[in-house]
């Protein structure tokens, strides 16, 4: 049962990592909204790297942010957290692939595989946590500006990339928990194989006849029985 759980957790973490990569490259982290009586013909959408505008004809024009130092602090922080999440996810995916009991890499015993699974599960949990913090931090800034009556700039709504990122982070965390929870079970299996108990062959003991028994058996026959 634990083999199925750790395999399921491994693929769940891999799916979460893939979705985190798609979230980072998605253009729709936030989308401009029509707020109040102002009528606009352009739709603006942004992510962590660039901003785009779509006119009434459906033509989109994108431009990169001018300077990293000119960006808001939360955008730079979200960039760092998302990149960290993907790097941790890749490292956890590699260690988990080696530590799975259905794989045979380097003829490792179960105790070493259990340690690798524990590290891989921890990395996936940290990756999901980094992604969750980055997405939530970005969403909080969107909602803060949206409900601020003194904010005179363009107001945005949550883009579909944020919902994808939340789902990806949750999958990474759940997959990491599944992988981490099976490391104790895998280290306890096959104790006799890991202990290397010595083999003692069985011996057969043949009882020897005593002197009294030999005298009794000799007395059963008379002297005339021997030639």
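Glycine too: its Cβ is placed from the backbone N, Cα and C atoms.
Annotated features in Swiss-Prot:
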- 2-24: transmembrane segment (TRANSMEM)
- 25-74: topological domain 'Extracellular' (TOPO_DOM)
- 52-62: disulfide bond (DISULFID)
- 55: site 'Important for Na(+)-selective paracellular ion transport' (SITE)
- 64: site 'Important for Na(+)-selective paracellular ion transport' (SITE)
- 68: site 'Important for the formation of tight-junction strand-like structures' (SITE)
- 75-99: transmembrane segment (TRANSMEM)
- 100-115: topological domain 'Cytoplasmic' (TOPO_DOM)
- 111: phosphoserine (MOD_RES)
- 116-140: transmembrane segment (TRANSMEM)
- 141-159: topological domain 'Extracellular' (TOPO_DOM)
- 160-182: transmembrane segment (TRANSMEM)
- 183-227: topological domain 'Cytoplasmic' (TOPO_DOM)
- 211: phosphoserine (MOD_RES)
- 214: phosphoserine (MOD_RES)
- 217: phosphoserine (MOD_RES)
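Overlay of Swiss-Prot annotations on the structure.
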residue: 52; record: disulfide bond; contacts (Cβ under 8 Å, 6+ apart): 27, 44, 45, 46, 60, 61, 62, 63
residue: 64; record: site 'Important for Na(+)-selective paracellular ion transport'; contacts (Cβ under 8 Å, 6+ apart): 49, 50
residue: 68; record: site 'Important for the formation of tight-junction strand-like structures'; contacts (Cβ under 8 Å, 6+ apart): 76
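Most Cβ pairs under 8 Å to the transmembrane segment (2-24), among the stretches 75-99, 116-140, 160-182, belong to 160-182.
Here residue 111 (phosphoserine) is positioned 60 angstrom away from residue 55 (site 'Important for Na(+)-selective paracellular ion transport'), judged by their C-alpha atoms. Mean per-residue pLDDT, taken over the topological domain 'Extracellular' (141-159), amounts to 88.
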